[in-house]
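> According to TrEMBL, the transmembrane segment annotation covers 50-73, 94-113, 133-153, 160-180, 200-224, 245-263, 343-363, 421-446. What TrEMBL lists as domain 'Ammonium transporter AmtB-like' is 50-473.
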Amino acid sequence: MAALTCSASDLQSLLGGAANATAAAEYICTRFVAISDHFVDTAYAVDNTYLLFSAYLVFAMQLGFAMLCAGSVRAKNTMNIMLTNVLDAATGGLFYYLFGFAFAFGSPSNGFIGKQFFGLESFPSPSFDYGYFLYQWAFAIAAAGITSGSIAERTQFVSYLIYSSFLTGLVYPIVSHWFWSADGWASAGRADGNLLFGSGVIDFAGSGVVHMVGGIAGLWGALIEGPRMGRFDHEGKSMALRGHSGTLVVLGTFLLWFGWYGFNPGSFLNILRTYGDVGSYYGQWSAIGRTAVTTTLAGSSAALTTLFGKRMLAGNWNVTDVCNGLLGGFAAITSGCAVVDPWAAIICGFVAAWVLIGCNKLADKFHYDDPLEAAQLHGGCGAWGIIFTALFAKETYVNEIFSGKPGRPYGLLMGGGGRLLAAHMVQILVITGWVSMTMGTLFWILHKFKLLRISADEEMAGMDLTSHGGLAYVYYDEHDDAMQKKSFMMTKVDP
């Protein structure tokens, strides 16, 4: 909000030749400026409160990830996957503070990597406050959480610590610098106006920056490790290793849905901004509401499409598949949530569901094992979301959000030409290449030093028992001695 101005000399002429006119004019202007400053302070407070609240919502998604992961693995690995989710947040917090935020948003810098604000030095600044750091940290650990799902149930604990530190401290921050920093070479908000294909990349909340990064990192980890024991039989036929709790899967899905209202609408970063005339009912608050609606519709469309699609293909109504389809719709709409109409979001979710189903078919064909379908969901649907934005971005919304450079390219199918699509294809290629080069190399090194996969005996017994001091649940086989059974136990049921 711009500060209001008052000139004592202009005001004095309006007071005429009255006694003490100069003193009265100066006093009025002094009070006027003080009130104006309070309005400016209030605007900063409102915007920072909005950003902090959004950061809390995004951080709450970690609980959703934890519940979803726990329900999607077998009971014998529950404590392991829950602990990795906790450590993604804790390790990410330290390394993003020391290096990650500086690499991502340390301006002034070059187009490749930031170089200011290490350890939040010289913070806060006119550009950033602490709330912005917290919000971006929540995004960074979300990317790390995606990767942990792909390599669940067979990965050494030390590998989680190494990859999480590397991803949140270097790999993810550099990608976010490219597409979100004012200095990034492909950023739609590049300060010097030198935009890629005249548009830059409109990855508003991170279908590419967050979801593709986490998904491709998980893809390489799972490929190098290989599938879990029993996932494919000796003839190569796919064998389902079902997660132990549909209840936790649904709980995690709803928590993620709730947190996505901070993930997508929160990416506006502020709320108190007008579009056009001051005093209008329409402003950034309206765009934020529209973004929440497009997010909801994309997820809902994907969930229903998955429900009926899997019914036709598999003959049953599967709650886990529907939850994953819903999340796939969210991952896809994340890129264009702020620049598309609600009707387009329904198309986005519909296609995202089939993208996920198709990616899962390919995964089975090539014996790729991902317990949470994280690479297929976040990588595949994230890539579709980037393409979708380049097809359906609306000119009006693009110009409102990126008001510094009117006349930008917008969606191809909306009459905006192909330059935005070209920029977005570049984004898909460079993210795939960068994450493959860095995370693929890291997982290969861990594999060569025998730090990646646990032994066959540990995998059969479960990591809760071999690495974490005991099982998350006390359960027994039907052949156990009845005298050893306790009052609250779970029975292990063979599929």
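Every residue, even glycine, has its Cβ placed from backbone N, Cα and C.
Note: TrEMBL annotation is automatic and uncurated.
What's the neighbourhood like for each of these?
Only residues 6 or more beyond the boundaries of the transmembrane segment (50-73), in the same chain, are considered here, and those with a CB under 8 A from a CB of the stretch are 81-82, 84-86, 88-89, 131-132, 134-135, 138-139, 141-142, 145-146, 148-149, 152-153, 243-263, 265-267, 269-271, 320, 323, 371-372.
Taken together, the residues of the domain 'Ammonium transporter AmtB-like' (50-473) have an average pLDDT of 94.
For the transmembrane segment (94-113), same-chain residues at least 6 beyond its ends with a Cβ under 8 Å from one of its own Cβ atoms are 119-120, 127-128, 132-133, 136-137, 140-141, 165, 168-170, 172-174, 176-178, 180-185.
Within its own chain, the transmembrane segment (160-180) has Cβ neighbours under 8 Å at 84, 87-88, 91-92, 95-96, 98-105, 109, 111-114, 136, 139-141, 143-144, 147-148, 186-189, 201, 203, 206, 208-210, 213-214, 217, 221, 427, 430-431, 434-435, 438-439, 442-443, 446, 451, counting only residues six or more beyond its boundaries.
Within its own chain, the transmembrane segment (200-224) is flanked in space by residues 139, 142-151, 155, 163, 167, 171-172, 175-176, 179-180, 186-190, 263-264, 266-267, 331-339, 368-370, 374-383, 385-386, 389-390, 393, 398, 401-402, 420, 423-424, 426-428, 431-432, 435-436, 439-440, 443-444, 447, 452, which lie at least six positions past its ends and keep a Cβ under 8 Å from the stretch.
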> Please report, as numbers and ranges, the same-chain residues at least 6 past the borders of the transmembrane segment (133-153) whose CB is under 8 Å from any CB of it.
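That would be 51-52, 54-55, 58-59, 61-62, 65, 68-69, 72-74, 77, 80-81, 84-85, 88-89, 91-93, 96-97, 100-101, 104-105, 120, 123, 159-160, 163-164, 167-168, 172-173, 176, 206, 209-211, 213-215, 217-219, 221-222, 225, 228, 263, 266, 269, 370-372, 374-375, 378, 439, 459, 463.
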